[in-house]
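Features of the protein shown, as given by TrEMBL:
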- 1-317: domain 'Cation/H+ exchanger transmembrane' (DOMAIN)
- 21-39: transmembrane segment (TRANSMEM)
- 45-69: transmembrane segment (TRANSMEM)
- 81-106: transmembrane segment (TRANSMEM)
- 112-132: transmembrane segment (TRANSMEM)
- 144-161: transmembrane segment (TRANSMEM)
- 167-187: transmembrane segment (TRANSMEM)
- 199-217: transmembrane segment (TRANSMEM)
- 229-250: transmembrane segment (TRANSMEM)
- 262-286: transmembrane segment (TRANSMEM)
- 298-316: transmembrane segment (TRANSMEM)
- 343-470: domain 'UspA' (DOMAIN)
Amino acid sequence: YIMFLAGLEMDMEDFKKNRTKSFVFGWLTFLIPMALGIWSSMSMLGYGFLTAVLLASMYASHTLIAYPIISRYGLSRLRSVNITIGGTAVTVTLALIILAVIGGMFKGTVDGWFWVFLVAKVAFLGFLIVFFFPRIGRWFFRKYDDSVMQFVFVLAMVFLGGGLMEFVGMEGILGAFLAGLVLNRLIPHVSPLMNRLEFVGNALFIPYFLIGVGMIIDVRSLFTGGEALKVAIVMTVVATFSKWLAAWITQKIYRMQSNERSMIFGLSNAQAAATLAAVLIGHEIIMENGERLLNDDVLNGTVVMILFTCVISSLVTERSARRFALDENVQAEEEAKKVNTEQILIPVANPETIEDLINLALVIKDAKQKNALVALNVINDNNSSEKKEQQGKRNLEKAAMIAAAADVPVTMVSRYDLNIASGIIHTIKEYEATDIVIGLHRKANIVDSFFGHLAESLLKGTHREVMIAKFLMPVNTLRRINIAVPPKAEYESGFSKWVEHFCRMGSILGCRVHFFANERTLMRVQQLVKKRHAGTPTEFSILEEWEDLLLLTGQVNYDTL
């Protein structure tokens, strides 16, 4: 589950930029522990070569046990975090291959065909997960909007990915990580579903996993003589030092800050899931001389190593994360991006569109501004009834409940006014709303306008950003955002704000933002995106004449906004 969350929260665009660094770190954090582990096991503990190799592979793998700390500080998109997560996938895969090979040797199955079947099975399963899981997920999220069903579905995909990977002879953590990567674009980082997944993991699965690890250890064996205490000390020191050395070399190669090295070391030091799997399998293997491949001393020493490395990992990661959070450079950069206080007003008249409106507001809002959503119900003063009042109250409560699931508070406002447009305009002034999110109305007759009387009244009566949306599918299933920018839009006062909203939307949803405009306007858009939103996946194309707008329909698919 930890590996699943790591894959789910990874910034895929940043991961693509840092994939070489991740690959280098993954090999360093695999080879260095392997070399030191084999040497220490054979020279200091007197074990044979196969035992030393399996023991060294346990040092090489690591578990992102401190990842919840990163989530709590909101640092999951840091370069050092993405490098560590990518390196984790590399080193865990290599360590699990060693485990599969050693296990196969004692079953008498390691030959040329063993390697062919292992590679073929893992490659085929990886293709199945990468190709089918996103398509199944996108179909499910479009068809079912019930929050409980979505949560259960995601858990089922995680366990299915892990179970399939175990079926082909690898550990389930690799399948869970792949499932997290492929579902990454379907689950926005700011959404009720993500909040539920993080809560269940951090409050239930991860603590129970650690409790289970602690229950395996035989404390008495460490203090009753023998080699148990010596083995535990050697294992803990070698595992910790080798991970620090890999982080230090990575820092020097890429000229990173010392705090980035601490973050990489903190996240990669903890030994847990793959390590535990290796020691339990090694403990079950009986060699020709009747001894276990990994004896009881190694089993107890492993649990002690897991305990100490998890503690060290948590302390170092907590310290490093706090430094990043208080770093003056980071704060200065964020302040440069920050706009004035944001208040997004969401009129909630139609109960069928409330969830979509709230989800849209969640992906465009500034995550640093906590009380930025205002849900409004306007009751017509000339046509009020107790039934409409009760319906309006239920709409407000539904809006607040959806946002609360994403840990975002909503200010609920119910008011009487002469008409809906007047009520919204007065609320904009009273609550100093900066943005309004409404749904597109349904045409009542043939002479009715496309946007409707309400939207036209808002556009005439207020100088605020008005986002009018027609929801044909859930926001999280979008794969592309096409934006046609009219000429001279750069001279409008809200130019930078709407560009920021679409770029923020693209970053959170992991979809590409494609701008179409004439040459002069497009140049200004490019400059603004490059300056403030460089991490957003974007494309830019020339739209010579605004009258050619309809030609863009050829680039609009079913999953395009």
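Cβ atoms here come from the backbone N, Cα and C positions, even for glycine.
TrEMBL labels come from automatic prediction, so no person has curated them.
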Within the domain 'UspA' (343-470), residues counted as helix, strand or coil by DSSP:
53 helix, 30 strand, 45 coil
In the same chain, who gets a Cβ under 8 Å from the transmembrane segment (21-39) while lying at least 6 residues past its ends?
15, 49, 52-53, 55-60, 62, 79, 82-91, 94-95, 238-239, 241-243, 245-247, 249-250, 253-254, 264, 268
Cβ under 8 Å, sequence separation of at least 6 from the ends of the transmembrane segment (144-161): give me the contacting residues as numbers and ranges.
1, 4, 129, 133, 136-137, 172, 175-176, 178-180, 183, 187, 192-193, 196-197, 355, 405, 474
Contact between the transmembrane segment (229-250) and the transmembrane segment (112-132) (at least 3 Cβ pairs under 8 Å, separation 6+):
no
Do any residues, 6 or more residues outside the transmembrane segment (81-106), come within under 8 Å Cβ-to-Cβ of it, and if so which ones?
3, 6-7, 10-11, 14-15, 18-19, 21-23, 25-30, 50, 53-54, 57-58, 60-62, 64, 70, 75, 114, 118, 169-171, 173-174, 177, 250, 263-264, 267-268, 274, 277-278, 281-282, 285, 287, 293
What average pLDDT is reported by the model for the domain 'UspA' (343-470)?
81
Intrachain residues whose Cβ lies under 8 Å of the transmembrane segment (298-316), provided they are six or more past its termini:
51, 55, 58, 65-66, 69, 210, 213-214, 216-218, 221-222, 228, 231-232, 234-236, 239-240, 262, 265-267, 269-272, 275-276, 279-280, 282-283
Stretch among 112-132, 167-187, 262-286 sharing the most Cβ pairs under 8 Å with the transmembrane segment (45-69):
262-286
